Amino acid sequence: MIFPIFFTFFLLLSTSHASVQDFCVADYKAPDGPAGYSCKKPAIVTVNDFVYSGLGIAGNTTNIFKAAVTPAFAAQFPGVNGLGISLARLDLGPGGVVPFHTHPGASEVLLVVQGTIIAGFVASDNTPYLKTLKKGDIIVFPQGLLHFQVNGGDTPAIAFPSFSSPSPGLQIVDFALFKNDLATELIAQTTLLDAPQIKKLKGVLGGTN
(Lines of atoms letter the chains of each structure in order from A and count residues from 1; the text may use other names and numbers.)
(Lines give C-alpha, C1' and ligand atoms only; values in the text may rest on other atoms or scores of the structure.)
Protein backbone atom coordinates (compact mmCIF):
# COMPACT_ATOMS: atom_id res chain seq x y z
CA MET A 1 0.00 0.00 0.00
CA ILE A 2 2.85 2.36 0.80
CA PHE A 3 4.32 2.29 -2.70
CA PRO A 4 1.21 3.58 -4.56
CA ILE A 5 0.87 6.35 -1.99
CA PHE A 6 4.54 7.27 -2.28
CA PHE A 7 4.66 7.37 -6.05
CA THR A 8 1.42 9.33 -6.29
CA PHE A 9 2.85 11.85 -3.83
CA PHE A 10 6.13 11.90 -5.73
CA LEU A 11 4.44 12.58 -9.06
CA LEU A 12 2.23 15.31 -7.62
CA LEU A 13 5.24 17.11 -6.15
CA SER A 14 7.43 16.83 -9.21
CA THR A 15 7.46 19.54 -11.84
CA SER A 16 7.97 18.63 -15.45
CA HIS A 17 9.34 21.06 -17.98
CA ALA A 18 6.83 22.39 -20.46
CA SER A 19 7.68 21.28 -23.97
CA VAL A 20 6.16 20.97 -27.39
CA GLN A 21 7.32 17.34 -27.25
CA ASP A 22 5.79 14.65 -25.07
CA PHE A 23 9.22 13.64 -23.79
CA CYS A 24 12.95 14.02 -24.34
CA VAL A 25 14.55 10.61 -23.95
CA ALA A 26 18.29 11.04 -23.38
CA ASP A 27 20.49 10.49 -26.41
CA TYR A 28 23.69 9.06 -24.94
CA LYS A 29 25.43 9.34 -28.30
CA ALA A 30 25.20 13.14 -28.13
CA PRO A 31 27.17 15.26 -25.62
CA ASP A 32 25.67 16.05 -22.21
CA GLY A 33 25.35 19.80 -21.59
CA PRO A 34 24.24 22.08 -18.72
CA ALA A 35 20.61 21.69 -19.82
CA GLY A 36 20.86 17.89 -19.86
CA TYR A 37 21.09 15.36 -22.63
CA SER A 38 19.91 15.99 -26.17
CA CYS A 39 16.70 14.26 -27.19
CA LYS A 40 16.72 10.93 -28.95
CA LYS A 41 14.70 10.96 -32.16
CA PRO A 42 11.15 9.80 -31.34
CA ALA A 43 11.28 7.28 -34.18
CA ILE A 44 13.93 5.24 -32.35
CA VAL A 45 12.49 5.58 -28.84
CA THR A 46 11.16 2.33 -27.33
CA VAL A 47 9.29 1.43 -24.16
CA ASN A 48 12.58 0.24 -22.68
CA ASP A 49 13.71 3.88 -22.51
CA PHE A 50 10.95 4.48 -19.95
CA VAL A 51 11.66 1.42 -17.79
CA TYR A 52 14.52 0.91 -15.32
CA SER A 53 14.97 -2.31 -13.38
CA GLY A 54 18.11 -1.63 -11.36
CA LEU A 55 16.49 -0.61 -8.07
CA GLY A 56 15.44 -4.13 -7.15
CA ILE A 57 19.05 -5.15 -6.54
CA ALA A 58 20.75 -4.41 -3.22
CA GLY A 59 23.84 -2.21 -3.41
CA ASN A 60 27.26 -3.32 -2.16
CA THR A 61 27.73 -1.90 1.35
CA THR A 62 31.19 -3.38 1.95
CA ASN A 63 32.95 -0.01 2.04
CA ILE A 64 34.14 2.49 4.63
CA PHE A 65 30.67 4.04 4.97
CA LYS A 66 28.78 0.72 4.81
CA ALA A 67 26.43 2.40 2.35
CA ALA A 68 25.47 2.12 -1.31
CA VAL A 69 23.42 4.33 -3.61
CA THR A 70 22.00 2.95 -6.85
CA PRO A 71 20.91 5.90 -9.02
CA ALA A 72 18.17 6.05 -11.62
CA PHE A 73 19.17 9.47 -12.92
CA ALA A 74 19.19 10.63 -16.53
CA ALA A 75 22.63 9.07 -16.98
CA GLN A 76 21.21 5.63 -16.15
CA PHE A 77 17.51 6.05 -16.97
CA PRO A 78 17.06 7.90 -20.28
CA GLY A 79 13.30 8.32 -19.91
CA VAL A 80 13.56 10.82 -17.03
CA ASN A 81 15.66 13.27 -19.05
CA GLY A 82 13.89 16.64 -19.16
CA LEU A 83 11.06 15.59 -16.82
CA GLY A 84 12.38 17.15 -13.61
CA ILE A 85 12.33 13.87 -11.67
CA SER A 86 14.58 10.94 -10.77
CA LEU A 87 14.89 8.19 -8.19
CA ALA A 88 17.55 6.11 -6.42
CA ARG A 89 17.94 3.25 -3.96
CA LEU A 90 19.85 3.64 -0.69
CA ASP A 91 21.21 0.61 1.16
CA LEU A 92 22.70 1.06 4.63
CA GLY A 93 24.35 -1.85 6.39
CA PRO A 94 24.47 -1.98 10.20
CA GLY A 95 26.50 1.04 11.26
CA GLY A 96 26.12 2.50 7.77
CA VAL A 97 26.13 6.23 7.12
CA VAL A 98 25.77 8.67 4.25
CA PRO A 99 27.94 11.57 5.44
CA PHE A 100 26.95 15.21 5.11
CA HIS A 101 26.35 16.01 1.47
CA THR A 102 24.32 18.29 -0.75
CA HIS A 103 22.48 18.08 -4.06
CA PRO A 104 23.01 21.46 -5.74
CA GLY A 105 20.38 20.82 -8.39
CA ALA A 106 17.43 19.26 -6.57
CA SER A 107 15.29 18.83 -3.50
CA GLU A 108 14.98 15.27 -2.19
CA VAL A 109 12.20 13.18 -0.65
CA LEU A 110 13.42 10.04 1.18
CA LEU A 111 11.10 7.08 1.79
CA VAL A 112 12.21 4.40 4.26
CA VAL A 113 11.04 0.89 3.30
CA GLN A 114 13.11 -1.24 5.68
CA GLY A 115 14.87 -0.72 8.98
CA THR A 116 15.50 2.48 10.92
CA ILE A 117 17.27 5.55 9.54
CA ILE A 118 18.28 8.69 11.41
CA ALA A 119 18.07 11.47 8.83
CA GLY A 120 18.40 15.23 8.97
CA PHE A 121 19.55 18.45 7.40
CA VAL A 122 21.04 21.75 8.48
CA ALA A 123 19.32 24.97 7.40
CA SER A 124 21.24 27.99 6.14
CA ASP A 125 20.95 29.57 9.61
CA ASN A 126 22.72 26.45 11.01
CA THR A 127 19.58 25.07 12.65
CA PRO A 128 19.59 21.25 12.54
CA TYR A 129 16.44 19.25 11.77
CA LEU A 130 16.65 15.50 12.35
CA LYS A 131 14.34 12.57 12.96
CA THR A 132 14.49 8.81 13.45
CA LEU A 133 12.52 7.30 10.57
CA LYS A 134 10.81 3.91 10.44
CA LYS A 135 9.33 1.92 7.57
CA GLY A 136 6.84 4.07 5.67
CA ASP A 137 8.19 7.40 6.95
CA ILE A 138 9.38 10.10 4.57
CA ILE A 139 11.51 13.21 5.00
CA VAL A 140 12.22 16.08 2.64
CA PHE A 141 15.63 17.69 2.18
CA PRO A 142 15.37 21.18 0.62
CA GLN A 143 17.55 21.86 -2.39
CA GLY A 144 21.19 22.65 -1.69
CA LEU A 145 21.10 22.07 2.08
CA LEU A 146 23.56 19.76 3.82
CA HIS A 147 21.93 16.51 4.93
CA PHE A 148 22.81 12.99 6.08
CA GLN A 149 21.47 9.52 6.77
CA VAL A 150 22.60 7.03 9.46
CA ASN A 151 21.40 3.47 10.03
CA GLY A 152 19.78 3.73 13.45
CA GLY A 153 19.34 -0.01 13.98
CA ASP A 154 21.34 -3.21 13.98
CA THR A 155 19.90 -4.61 10.74
CA PRO A 156 20.22 -3.42 7.11
CA ALA A 157 18.09 -0.42 6.13
CA ILE A 158 16.68 0.44 2.71
CA ALA A 159 15.27 3.74 1.46
CA PHE A 160 14.26 5.23 -1.87
CA PRO A 161 15.20 8.89 -2.39
CA SER A 162 13.42 10.81 -5.14
CA PHE A 163 14.65 14.08 -6.62
CA SER A 164 13.19 17.12 -8.35
CA SER A 165 15.74 16.85 -11.16
CA PRO A 166 16.89 14.11 -13.53
CA SER A 167 20.47 15.07 -12.59
CA PRO A 168 20.47 16.29 -8.97
CA GLY A 169 24.25 16.51 -8.57
CA LEU A 170 26.18 15.51 -5.47
CA GLN A 171 28.93 16.92 -3.27
CA ILE A 172 30.03 15.03 -0.15
CA VAL A 173 31.66 17.31 2.44
CA ASP A 174 34.22 14.72 3.57
CA PHE A 175 35.35 14.17 -0.01
CA ALA A 176 35.42 17.90 -0.76
CA LEU A 177 37.82 18.46 2.14
CA PHE A 178 39.91 15.31 2.25
CA LYS A 179 39.73 13.48 -1.10
CA ASN A 180 41.83 15.97 -3.06
CA ASP A 181 45.25 17.62 -3.18
CA LEU A 182 44.33 20.76 -1.21
CA ALA A 183 47.20 21.49 1.19
CA THR A 184 46.78 20.18 4.73
CA GLU A 185 47.90 23.56 6.09
CA LEU A 186 45.09 25.36 4.27
CA ILE A 187 42.49 22.89 5.49
CA ALA A 188 43.80 23.26 9.04
CA GLN A 189 43.54 27.05 8.82
CA THR A 190 40.01 27.01 7.44
CA THR A 191 38.54 24.22 9.58
CA LEU A 192 40.51 24.48 12.86
CA LEU A 193 41.28 20.76 12.60
CA ASP A 194 44.70 19.47 13.62
CA ALA A 195 47.09 18.62 10.79
CA PRO A 196 47.59 14.98 11.92
CA GLN A 197 43.83 14.39 11.85
CA ILE A 198 43.58 15.94 8.39
CA LYS A 199 46.40 13.74 7.09
CA LYS A 200 44.70 10.70 8.58
CA LEU A 201 41.43 11.53 6.81
CA LYS A 202 43.26 12.22 3.55
CA GLY A 203 44.91 8.83 3.87
CA VAL A 204 41.59 7.08 4.44
CA LEU A 205 39.72 8.88 1.65
CA GLY A 206 42.50 9.03 -0.94
CA GLY A 207 43.64 12.66 -0.71
CA THR A 208 47.20 13.97 -0.94
CA ASN A 209 49.28 16.90 0.39
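Each residue, glycine too, has its Cβ placed from N, Cα and C.
As recorded in Swiss-Prot:
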- 1-18: signal peptide (SIGNAL)
- CYS24-CYS39: disulfide bond (DISULFID)
- 53-199: domain 'Cupin type-1' (DOMAIN)
- ASN60: N-linked glycosylation site (CARBOHYD)
- HIS101, HIS103, GLU108, HIS147: Mn(2+) binding site (BINDING)
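The structure, with features from Swiss-Prot marked on it.
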residue: CYS24; record: disulfide bond; DSSP class: coil
residue: CYS39; record: disulfide bond; DSSP class: strand
residue: ASN60; record: N-linked glycosylation site; DSSP class: coil
residue: HIS101; record: Mn(2+) binding site; DSSP class: strand
residue: GLU108; record: Mn(2+) binding site; DSSP class: strand
residue: HIS147; record: Mn(2+) binding site; DSSP class: strand
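Residue pair HIS147 (Mn(2+) binding site) / the residue listed as 'N-linked glycosylation site' shows a Cα separation of 22 Å. If you measure from the Cα atom of HIS103 (Mn(2+) binding site) to that of ASN60 (N-linked glycosylation site), you get 22 Å.
If you take the Cα of CYS39 (disulfide bond) and the Cα of GLU108 (Mn(2+) binding site), they are about 25 angstrom apart, rounded to a whole number.
Per Cα geometry, GLU108 is the residue among the recorded positions ASN60, HIS101, GLU108 nearest to CYS24 (disulfide bond). Per-residue confidence over the domain 'Cupin type-1' (53-199) averages out at a pLDDT of 96. Across the disulfide-bonded residues listed here (CYS24, CYS39), the residue whose Cβ sits among the most other Cβ atoms within 10 Å is CYS24. Counting residues per DSSP class in helix, strand and coil order gives 25 helix, 57 strand, 65 coil for the domain 'Cupin type-1' (53-199).
Note on the binding-site residues HIS101, HIS103, HIS147: the fewest other CB atoms within 10 A surround the CB of HIS101.
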